[in-house]
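Some notes on the structure that comes next.
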Amino acid sequence: MFELKELAGCLPAYKFIGKSNPTINDLAMDNREVKKGDLFFCIEGFTVDGHDFAAKAVEAGAAAIVAERELPVNVPMIIVRDSKRAMAIMAAHFYRLPSSAMHMIGVTGTNGKTTTTHLIHRILSDYAMETSIIGTMYMKYKNKEIKVKNTTPDSLTLQKAFSDMATEGVEAVTMEVSSHALELGRVHGVDFNVGVFTNLTQDHLDYHKTMDNYARAKGLLFSQLGNGYKENHQNIAVLNIDDPYFDLIETMTAVPIITYGMDEKADFRATEVNIHESGTDFQLCMGNRIYPVQLKMTGRFSVYNALAAAAASYASGVPIQTIQESLAAIQGVAGRFEKVDTDASVHVIVDYAHTPDSLENVLETVREFAKGKVSVVVGCGGDRDRTKRPKMAAIAEKLSDYVYLTSDNPRSEDPEEILNEMKSGMAHNNYSMILSRKEAIFEAVKNAEEDEVILIAGKGHETYQIIGDQTFDFDDRLVAKEALKERY
Ligand SMILES: CC(=O)N[C@H]1[C@@H](OP(=O)(O)OP(=O)(O)OC[C@H]2O[C@@H](n3ccc(=O)[nH]c3=O)[C@H](O)[C@@H]2O)O[C@H](CO)[C@@H](O)[C@@H]1O[C@H](C)C(=O)N[C@@H](C)C(=O)N[C@H](CCC(=O)O)C(=O)O
Ligand SMILES: Nc1ncnc2c1ncn2[C@@H]1O[C@H](COP(=O)(O)OP(=O)(O)OP(=O)(O)O)[C@@H](O)[C@H]1O
Ligand SMILES: N[C@H](CCC[C@H](N)C(=O)O)C(=O)O
Ligand SMILES: [Mg+2]
């Protein structure tokens, strides 16, 4: 609990309107969740404007309002330039800066965030650091697994979770930081110790419009490093030196940098990379010290994820021997290059590739080891970057023998229209368009030849499909199993 004026004191600038100084019991950003004594934040969203719900919030018991303009309500008001960022800062203070009490690792980049955070989580946990994870799949700490709506949750959810984590004895947090979160201030005021950059390729241009804007949004994580509230500790940026955006990201941070990659100049460098069907091995070179690393995850991109995780863990104080052992032990991450268990001679791999770059990487890896033909079942999400649709289809066509274009999560869009946009990127006729994802998977399995590999791309670990405003149960792995069972 805080008095309103004391809490507002953490803001860099604001205008106070009102005579009283109520006690604030809790924070809320949705009028439907307001309780008596809450501070209500009016957030201008993409769908509606939270300022329109201020009166309802007061009716529900809000003791005060934070807004970007004066509103006709009879409770004290704090007027700020940006209520999203004010909310993030006030939430951090309301929960008494919980992120400053823990070792915070933020991972950003287009691809590999979920995988890298899981690798870091495993390494830190093996080193007996009580570690939590926040990202696309869930928020997990101690024995709690909490569902999340966003890869990086809004600042209220986030700061409240940090507070609970710190209370429960969590020592380190490894979290995905999406470009949306950075741009929308969801992690404003989070005191990161280590920032990790995986890579930058096309995605989310519906939102960011240009690659430059997208890169700048990602860069915010690194410019924010070192702006926290902790004293006497050094923050570190862990950057992929092989990525074309390395130079830009490097200029955006003032903290020391550890680089990783295959480039000769990399501080954490992989050499003698050997990629095989069920894993990868390489020599990890740190100056003149060389450590062999074995991974049970295949593909060149997995080497990058492992290097990023190794560097971030090392920067967090974990000895290299633990890092080697943990990397060798981890089996993989759900829905990432996950093989569907079967005795059949047809192989099915489920993978979360939903960008042109990830699809290309994964298909190249599949092709390298496929003894027979390669087919792909793939779609593109609705209400997302439309310009990636023809590109993903072109990549699927180029790197496989047959493509089944099908629905991903069409959301509010016409599923057929999405597939037509994909089709416009294709030159040959080795494809079918099957709107129902289940039918497409069944067809792919039915038609597969001996030793064929079917890649089901785009939904990975997801256990649902969003069509219109309805969410249905759907799991590529289970559907593929059913299809295999029907055929064999
Ligand atoms: C585009 C976007 O980021 N949208 C996010 C945004 O929703 P919005 O702007 O539509 O919110 P809104 O419905 O207009 O509401 C505005 C305000 O009014 C309030 N409200 C609303 C209705 C009402 O009756 N009463 C009320 O008080 C809301 O609580 C809110 O404070 O704020 C919501 C609450 O924080 C988010 O859940 C939502 O994410 C949606 C679900 C989403 O799909 N976001 C994607 C694009 C996203 O953020 N993705 C990244 C991952 C990308 C990656 O992995 O690469 C992520 O971090 O998840
Ligand atoms: N380092 C990488 N470079 C390129 N592609 C990758 C890399 N790591 C994983 N991938 C591919 O990208 C897919 C998504 O990986 P992951 O879930 O780890 O990424 P993410 O950044 O968390 O994605 P999202 O933005 O959806 O949260 C994987 O299924 C794989 O196909
Ligand atoms: N974090 C990504 C996930 C995309 C997954 C894909 N299955 C889709 O629904 O488009 C996004 O929200 O754009
Ligand atoms: Mg993710």
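Cβ coordinates are placed from backbone N, Cα and C, and glycine is handled just like the others.
Meso-2,6-diaminopimelate is bound by Asp408, Asn409, Pro410, Arg411, Gly458, Glu462 in TrEMBL, and the record lists one more residue there from Arg384, Arg386, which is Arg384. Taking Cβ-Cβ distances under 8 Å and a sequence separation of 6 or more, the neighbours of Asp408 (meso-2,6-diaminopimelate binding site) in its chain are His354, Val378, Gly379, Cys380, Gly381, Gly382, Ile418, Arg437, Gly458, Lys459, Gln465.
Within the set of recorded positions Asn111, Lys113, Thr114, Lys218, Glu462, Lys113, Thr114 have a CB atom less than 6 Å from some atom of ligand 4. For the motif 'Meso-diaminopimelate recognition motif' (408-411), the mean pLDDT of the prediction comes to 98. Using CA atoms as reference points, the recorded positions Lys218, Arg411, Glu462 were checked against Gly112 (ATP binding site), and the closest is Lys218. Among the binding-site residues Arg384, Asn409, Pro410, Gly458, the residues whose Cβ sits under 6 Å from any atom of ligand 3 are Arg384, Asn409, Gly458. Here Thr110 (ATP binding site) comes close to Thr198, Asn199, Leu200, Thr201, Gln202, Asp203, Thr355, Asp357, Ser358: these same-chain residues lie at least six apart in sequence, with C-beta atoms under 8 angstroms from its C-beta. Highlighted here would be the recorded positions (Lys218, Arg384, Asp408) whose C-beta falls below 6 Å from ligand 2, but none qualifies. Between the alpha carbons (Cα) of Pro410 (meso-2,6-diaminopimelate binding site) and Lys113 (ATP binding site) lies a span of roughly 23 Å.
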